[in-house]
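Notes to accompany the following structure.
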Amino acid sequence: MLGSHSKLSIAQIVFYIPVTATALYLACYRHKRPRMAWIILTFFSIIRITAGILVIISEKSSSLGVSIASVIFLNAGVFPLIAATLGFIRIIVALERNMSRQIRQCLVVSRFLFIVGIGLTVAGGALEGSDTDSDVLIGVKLVKTGYIMVVVFVGCLLAMQGYFWTQRSALSVTSRTILTSTALATPFIAVRIVYLFLSVFQPTDLRWSDLRGPIAPFLTMGLLMEYAVVLMYLITGFLIPSWRNIEKPEILLDDATR
């Protein structure tokens with residue numbers, strides 16, 4: 001008989017299958033470069049489907065490797081969801097030709113933080129499954145460092161969004177729509193990050209355990225927060241005009257390659 005976490009995982013898989021198809025449609029057909037937001041949402045959806053499968057297997061298996069893989073996919077998978085916001089910011093930068101040079105530099109820094117953070121998290125998660133105590137200790141430190149990078153990464157995203165709000169009157173309608181969407185998604189992302197930090201920095205408190213803890217916190221602070229952000233971002237993809245309806249779409253293509 002399936003446990004509570006497995007049932008939630010089945011619902012998660014069912015939810016993300018159409019999400020993957022929709023994100024692919026937005027990335028490959030409705031929008032052209034920069035389409036980082038839609039590509040990342042596709043990647044995130046695949047991670048969540050994989051995580052759901054691993055959780056189901058882990059409840060039926062005593063394999064430590066499967067449990068570790070489940071935790072890595074559940075926790076490190078939050079990075080792409082946050083990074084989708086970076087993809088939307090790239091669209092704003094591409095649309096607004098007179099954007100501050102500092103914003104473009106902040107984009108580069110944010111991308112670096114994202115790559116390093118997810119690398120540290122995955123590497124640390126792998127070491128946590130080691131038989132050697134020293135490796136486990138190093139793994140824990142790497143994971144915590146990776147999640148601290150998340151905070152810095154989110155700080156950069158919030159700083160860029162704050163700048164855009166100060167310039168809102170000068171932004172195009174498309175940019176204002178994107179800015180509103182990311183602002184609405186921010187509280188949900190914040191709750192998800194809080195749950196992530198509780199599970200990482202209070203590992204002995206089973207209330208915050210993705211695999212062994214109670215369902216309510218995992219559902220309300222984890223899964224539902226992600227569902228809300230994903231739906232907001234997908235809807236935004238249909239609210240903003242497709243590349244065919246944007247005057248001089250080559251502007252987007254040129255700026256996206258910079």
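Just so you know, glycine gets a Cβ as well, placed from its N, Cα and C.
TrEMBL entries are annotated by machine, without manual review.
Bear in mind that the values here come from a model prediction, so they are computed numbers and not experimental data.
What TrEMBL says about this one:
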DOMAIN    4-239  domain 'DUF7702'
TRANSMEM  6-26  transmembrane segment
TRANSMEM  38-58  transmembrane segment
TRANSMEM  64-95  transmembrane segment
TRANSMEM  107-127  transmembrane segment
TRANSMEM  147-166  transmembrane segment
TRANSMEM  178-198  transmembrane segment
TRANSMEM  218-240  transmembrane segment
Proximity of the transmembrane segment (38-58) to the transmembrane segment (218-240), 3+ C-beta pairs under 8 angstroms: yes
Chain residues outside the transmembrane segment (107-127) and at least six past its termini with a C-beta under 8 angstroms from it: 68, 71-72, 75-76, 79, 82-83, 86, 89-90, 93, 135-136, 138-147, 149-150, 152-153, 156-157, 160
Long-range neighbours of the transmembrane segment (64-95), counting only residues six or more past its ends (CB under 8 A): 34-41, 43-44, 47-48, 50-51, 54-55, 57-58, 103-104, 107, 110-111, 114, 117-118, 121-122, 125-126, 128-129, 143, 146, 150, 153-154, 157, 160-161, 164, 171-172, 174-175, 178-179, 181-182, 185, 189, 192-193, 196, 199-200, 210-211, 222, 226, 229-230, 233, 236, 240, 251-252, 255-256
The domain 'DUF7702' (4-239) [mean pLDDT, rounded to integer]: 87
